[in-house]
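Here's the structure, in C-alpha cells; my notes come after.
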Amino acid sequence: MTPIDYLQFVLAPQVVNGLALGVAVVLVALGLTIIFGMLDVINMSHGEFYAIGAYAALALAAAGIGFWFLLVLVPVLMVPLGMAAERLLIRPVFDSKDRHVTTLLVTFGLGLIVEDVLKIIFGANTQRPPTPIPGATEILGIILPNYRLFLILIGAAIVLAVAYVVYRTRLGAMVRAAAFDRNMAASLGVPVSLVYAGTFAFGVGLAGLAGVLLAPIYSVFPTMGRDFILLAFTVVIVGGMGSIWGAVVAGLLLTQVQALASLVISPVWTDPIVFGTMVAFLMFRPQGLFGRLGHA
Amino acid sequence: MITPVLDIRDLGISFGGLKAVDQVSFQAQRHKITTVIGPNGAGKSTLFNLISGALKPHRGQVMIDGVDMTGAAPEHTKAAGLSRSFQITSLFPELTVAENIRLAAQVLETARRAFLPISRSARAMSKTSQMLERFQLTHRRDELAGNLSHGDQRRLEIAVCLASEPKILLLDEPTQGMSHGDTADTAKLVRSLTEDVTVLLIEHDIGLVMDLSDYVVVMHQGRKLAEGHPDVVRADPAVQAAYFGHH
Amino acid sequence: MHDRLTQSMRASHLLALLFVLVSIGLAAMGAATGDTFYLRLGTEALIFAGLALSVDLLLGYSGALSLGQALYFGIGAYVSALTLMKVPSFWLAMGAALAATLVAAIIGGLIANRVRGVYFALITFGLAQVMAKVVYNTRELGASDGMIGIPVIEIGLGPFSVSAANPAGFFLLVLAFIMGLYALTAYLLDTPFGRVLTALKANERRVPFLGYSVWQARMAAYVLAGLIAGLSGALYPMLRGFVSPELMFFATSGNAVISVVLGGVGTLIGAIYGSVLLVILKSIIGSWTEHHLIVIGLLFMLCVMFLPKGLAGLVRPRIEVLLNRRTQTPPASAEPAGLSPIAVKSGSVS
C-alpha cells in the first residue's frame, strides 16, 4: 500500500468517522455540560434520556412520521419529561447539604429505572432504523456516507444555535445569571425555579435530539446510553464542566485520538487511553480546558 | 529579653495587584489582649488568615513563641500553639456539642492513644467536661452543634479553640451578631481567657475594644496605621480621621 | 462519660449481632437440608457486603463518594486467584491480596485525593474504568473471559480446617471474616483517629485548624477502604472458582453504592444489610420477572430522597432509645441529655 493509498483508504475515512463520532459525542455532552454548568447537577441519567430520544424516534417513525419532522418533534416531546424529572427528582434534593452527590445518586437511580422500562416496552434486542439519507459522496477520492456528512453539518449548526442562545440572548443571560447567583437573579426578577426546570429540560431535549440523529448510525438498544455516556462524561470533564466550547473542542479532539489510536495501536486500547485522559485532567486540571459556564 | 509569644514582621500579601496586607508588624505580649481594629476591608481577616496558615504570605515573617512559622499549614501553626476562631461560625454542625470540643481536645493525647477507643482518652474527656462547664454548655452537650442558638454557637466556637490548650488564641469578631447582654458576657469571658492564653482579637464594637484591650493595632487599607495603648490610639489624629470618623 | 456516636454504634453492633445469629441459624438450616445454592448465594452476598462496607467508610464517614471501589475489590480477586493457582493457600492468597491492594490504594489515593466532591466521584470512576479495560485487554489475565479453574482450597484455621467447597463451612468462614472487617472498622471509627475521619465529612475546612492534616486523614480513609474492598474481593475466587473483568466494572461499584444507600449511609451495618437485601431483591423479583432494576432503582431513589439513613435509619434510633433506657438509671423521658451524670452534677453547681 502506497502512502497515498493509506491516506485515502485508511486514514482519511478513519478521521471522518472519528469526526462523525465526535459530533455525536458533542451533541450528548452538550446537554450534560449545560445541566452541570447551570444547575450544578451531575445528570447520571443523561444517557438514558438519549436512549429515550432514540426509541421515541423509532416508535414514531413506525407510526409513519418522517425523519425530518422527528428532528423537531422528539426534542419537543422530551421537554415536559425533563421538566417533570427536574420538579419531582432534582428540586426536592437541590438544597440538600451535598447537592452534587445527592443529585448524582438520584439521577443514577432514575437511569436504572428508565433502562428497564425501555427494555419492557421495546424489548432487549438491538434495532436499527434505516438511514434517512442513503448513499455516499466522493470527495477528493474519499468515499463518505452522506448521512455522516449530514450529521457533521447539522451537529455544527446545533452547537452554534445552542451557543447563540446561551451566550447571546436575553434568555441565556437570565439562565447564566441564575447559575451565577440564584438570590441575586431572583431579586432582579428572573423566575429562577422556572429557569432551572427549563434548563434541565433543555439539556434533556438535546439528549433526545442526539438520540434521533445517532440512532441510524449507532443502533438502538436499552443500554445504548450507558456506553455513550462514559465518553460524554470524559468530554465534559476534559472540556471543563459547563463549558460549551470546551465540550466541542474536547469532543472532537478525544474522538480523533480514539480514531487514530485504534488505527495506530489497537482498537481495544482506545478506552483506557480516553479514560486515562479523563483521570489525568481531573488530577492536573480539574477545571478542564475552558473553565466553567456562568462562573467565568 | 522576653520573646513575644507572637511576633509579626513586615507581613504582606497581595491579590492581583491589590495589597490586602502590606508591611504589617507588631507583637503580642503574653497573657494580654491585643486587638486589631480597622474599617471594613482594612485587611484584618486576611491578617488572621496569614498568621494561622490559611494563606501563605508573599513577604514577611510570623514567629510563634520564637519559632518561625511563616507560611506553615494550619495544622502546623496549630501544633505550634496557635488556635483560631472564624468570623462566620465554623463548627461541625452534625456532631454533638461535646464531640466538637472533644475533637479539638484529643490533640492533647499521646499518639499511641490515637488507635485506642476514645473512652480511653481520659485527658481529652476531662478537658471536654471542663470546657462544657466553663462555657455553660453542659446541659447542651448532646445536642447537635448545628441546632444551637447563634450565641451558643459563638461560645462553643471559643470553647473549641481553647480545648486544645493553645498559647495564642485568635478570635475573629467573637461578638458578631450577638445581643447586647451576650456581648457583655462574652467580653467578660474573653478577659478571663488571659489567665491561660494570649488573645489576639478582631472586634468592631469600639466601646468593647477600649474596655477590653491591653494593646490596640489599627489597620487601614492593608497597612498598620497606629498601635499602642487604647487611650493613646484613641487620641491619635490619624486614627480618628481614618476610623472613628466613620462612626 | 458517654458519647453519642459511641451509643449510635452500639445500636449498629446489636443489629450486627442479630445479623450473625440469623445467619448462623440459616447456615444450620441450609446444612441440614443439604442446600448448596442459597448458601453460596448468601456467601456471595457477604463478600459483596465487604465491598459495600468500604464504600460506606468513605461515603458515610469521610464524606467521599467513590464510584470505583470495585477497582480494589477486583485487584484483590485477581491477585487472590493468581496466587491460588500457584499455591492453593488461603493465608498466602489473602496476604498477597492485602499487599497488592495496599500498593494500589496508596497509588489510587495519591491520584484521587488531589480532588474532592463530585470530582472525586468521577476520578475514582475513571480510575476503575481504566484498570478494568486494561485487565479486559490483557491476555495473561484471561482478557474478557477472566480466569477459570481456580482450585478448591482447604482453609486451615489452627486445629480445624474448612473446605471452600463446603457450602455451610465456607459461608460461616466468610461471615466471620466480613463481620471481623465490620468490627475492625467500627473500632477504628471510635478512636481519636477515626473521629478525625468523621470530622472530614462534617466540616473539612475546619479540620486543619484543629491540628489535623486533611490530606493524611483522607489518605488513611481511602487506603483503609481499599484494603477492606481488596480483602473482600480476595474471597471471591475461592467461592466461585473464577474471576472476570466484570468484578471491576461500574456495575459492581454501583451495586455497592446502592447497597449502602438502601441499608443506610454512615451506619456500617447498613451496608451489610443492604447488600443482602439487594441480593434478595434481585433473586426474589428476578424469579418472576427479569425487570428487577425498576424496583431496585425506585427503592434506591426513594431512599436517597426520603430516607437518607436508609433502612438502618428507620431501625437504629429505636434501638438507641431502648439501649439508653437500659443504661441510664433514671428513665430517659423528656430530655435524655439533661439526665447524664455530668449534666446533673453541673446543674447542682451552677
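Using the three backbone atoms N, Cα and C, a Cβ is placed for every residue, glycine included.
Feature annotation from TrEMBL assigns region 'Disordered' to C:329-350.
Under the heading transmembrane segment, TrEMBL lists C:37-59 (among others). Below 8 angstroms of C-beta separation, residues 23, 26-27, 30-31, 65-66, 69-70, 72-73, 167-168, 170-171, 174-175, 177-178, 181-182, 185, 221-222, 224-226, 228-229, 231-233, 235-236, 239-240, 252-253, 255-257, 259-260, 263, 265-268, 270-272, 274-276, 278-279, 283 of the same chain, each at least six residues beyond the ends of the transmembrane segment (C:37-59), sit close to that stretch.
Away from its own ends, the transmembrane segment (C:66-84) comes close to residues 50-51, 54-55, 58-59, 92-94, 96-97, 100-101, 104-105, 108, 112, 120-122, 124-129, 131-132, 135, 141, 147, 150-151, 153, 225-227, 229-238, 242-243, 245, 247-250, 252-254, 256-257 of its chain (Cβ-Cβ under 8 Å, at least six residues beyond either end). The transmembrane segment feature in TrEMBL is assigned to C:66-84 (among others).
Nonlocal intrachain contacts for the transmembrane segment (C:90-111), taken as residues 6+ away from its ends with a CB within less than 8 angstroms of a stretch CB, comprise 71-72, 75-77, 79-80, 82-84, 123-124, 127, 153-156, 164, 218-219, 222-223, 225-227, 229-231, 233-234, 238. Under the heading transmembrane segment, TrEMBL lists C:90-111 (among others).
Annotation source TrEMBL lists transmembrane segment at C:118-136 (among others). Long-range contacts of the transmembrane segment (C:118-136) within the same chain: residues 64-71, 74-75, 78, 108, 111-112, 143-144, 245, 248-250, 253, each at least 6 residues beyond the stretch ends and with a Cβ under 8 Å from a Cβ of the stretch.
The feature transmembrane segment is assigned by TrEMBL to C:168-189 (among others).
Look at TrEMBL and you will find C:209-236 (among others) tagged as transmembrane segment.
Residues annotated as transmembrane segment in TrEMBL: C:256-281 (among others).
Sequence-distant contacts of the transmembrane segment (C:293-315) (same chain, six or more residues past either end, CB-CB distance under 8 Å): 12, 15, 258, 260-267, 269-270, 273-274, 277-278, 281-282, 285. Feature annotation from TrEMBL assigns transmembrane segment to C:293-315 (among others).
Taking Cβ pairs closer than 8 Å, the transmembrane segment (C:209-236) reaches residues 44, 47-51, 53-55, 57-58, 61-62, 64, 66, 69-77, 79-80, 93-94, 97-98, 100-102, 104-106, 108-110, 112-113, 174, 177-178, 181, 185, 188, 193, 196-197, 199-200, 243, 247 in its own chain, all 6 or more past its ends.
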